[in-house]
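Student: Have a look at this one before I ask anything.
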């Protein structure tokens, strides 16, 4: 029952071709980067978006000019540099944040902390001042820490709404779906594996037991599959040999999550996505679980569902790292000058 309930109700392809009209202003902060450009392209293609506001510290006018020539309805504006950040955000309904430095071989997501923490804090500050009611979707790593950072910044302004603040972990679900489909010879578009926990290493917990359709693996194959899902980002970093991290698949996943948020804001019912959010589901303040989305953000946290003994152990093993990442994010904001 639970696995059936968390089946995503909209595929990216259907989002791109839907005739639904919506007047949503969506900002992409970090729009000139490796994730930001393909993400902006996918958003420009959607009739759910009426105004695409692009911001980055360099090259944004060119990206905006390029995208503006595409024959879809979204108006595109480009904003470059700190002086134009406020203008980029005014009146936004959804803000997607892929800004930050990418991982290189040998780096963990945590190695990105100092640089990306400052970037996310600055952008969250601007969101709090210019679009406090917007849905904030954060891609910038390490997500386990950047969501607590953005949340603490919003609290300082008295505008924090935990139902509108999301860590985008959709890439973990997309990867799990692809890998399970590959192993079982299934159509990946029809596979859904909920992924809970966080968005780094062993905090990524794929719930293969709740997969739709139902699949089973021998214990050794299940362990190997779980490890591959957890380390899939490193797989891409190594394959790119110093040229970056996952950008195209992350852009796809970010667009999928954004379209789900927009669909729900538009009144579509039964929209479910996993996301890293403020949570009471475990002893961690923030935890990713399947979420029922609505017009005002999170309508209901669907929780962990029934876990196997193997999955319960994965949750236990994730707790220490997850708590430390959350505290690191909160402490960063507490110590900011």
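From the backbone N, Cα and C atoms, a Cβ is placed for every residue, glycine too.
Sharing the feature lines straight out of TrEMBL:
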- 199: active site, proton acceptor (ACT_SITE)
- 30, 31, 32, 33, 34, 35, 36, 56, 116, 139, 140, 141, 250: NAD(+) binding site (BINDING)
- 103, 109, 141, 175: substrate binding site (BINDING)
- 25-167: domain 'Lactate/malate dehydrogenase N-terminal' (DOMAIN)
- 169-333: domain 'Lactate/malate dehydrogenase C-terminal' (DOMAIN)
Student: Do any residues at least six apart in sequence from residue 250 (NAD(+) binding site), in the same chain, have a Cβ closer than 8 Å to its Cβ, and if so which, in order?
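Tutor: Set apart from residue 250 (NAD(+) binding site) by at least 6 residues yet with Cβ under 8 Å, we have 35, 39, 98, 139, 171.
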Student: Determine the mean pLDDT over the domain 'Lactate/malate dehydrogenase C-terminal' (169-333), rounding to the nearest whole number.
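Tutor: 97, rounded to a whole number.
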Student: When you measure from the Cβ of residue 140 (NAD(+) binding site), which residues in the chain that are at least 6 apart have a Cβ under 8 Å away?
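Tutor: 30, 97, 98, 99, 100, 116, 119, 120, 146 - these are the non-local Cβ neighbours of residue 140 (NAD(+) binding site), listed in sequence order.
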Student: Just counting, how many other CB atoms are there within 10 A of the CB of residue 34 (NAD(+) binding site)?
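Tutor: Its Cβ has 19 other Cβ atoms within 10 Å.
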Student: How many neighbouring Cβ atoms, not counting its own, are there within 10 Å of the Cβ of residue 103 (substrate binding site)?
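Tutor: Excluding its own Cβ, the number within 10 Å is 21.
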Student: Applying a 10 Å Cβ distance cut-off over all chains shown, what neighbour count does residue 199 (active site, proton acceptor) have?
Tutor: 28
Student: Starting from each candidate's C-beta and looking 10 angstroms out, tell me which of the binding-site residues 32, 116, 141 has the most other C-beta atoms.
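Tutor: Ranked by Cβ atoms within 10 Å, first place goes to 141.
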Student: Of the recorded positions 32, 34, 36, 199, which sits closest to residue 103 (substrate binding site) by Cα distance?
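Tutor: Of the recorded positions 32, 34, 36, 199, 34 has its Cα closest to that of residue 103 (substrate binding site).
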Student: If you measure from the C-alpha of residue 199 (active site, proton acceptor), which of the binding-site residues 32, 34, 36, 175 fall inside 10 Å?
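Tutor: Qualifying among 32, 34, 36, 175: none.
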Student: Which residues in the same chain, at least 6 apart in sequence, have a Cβ under 8 Å from the Cβ of residue 36 (NAD(+) binding site)?
Tutor: 28, 30, 54, 56, 63, 98, 99, 251
Student: Please find, for 30, 31, 32, 33, 34, 35, 36, 56, 116, 139, 140, 141, 250 as listed binding NAD(+), the greatest distance between any two Cα atoms, in Å.
Tutor: 18
Student: Within 10 Å of the Cβ of residue 30 (NAD(+) binding site), how many other Cβ atoms can you find? Include all protein chains, please.
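Tutor: Excluding its own Cβ, the number within 10 Å is 25.
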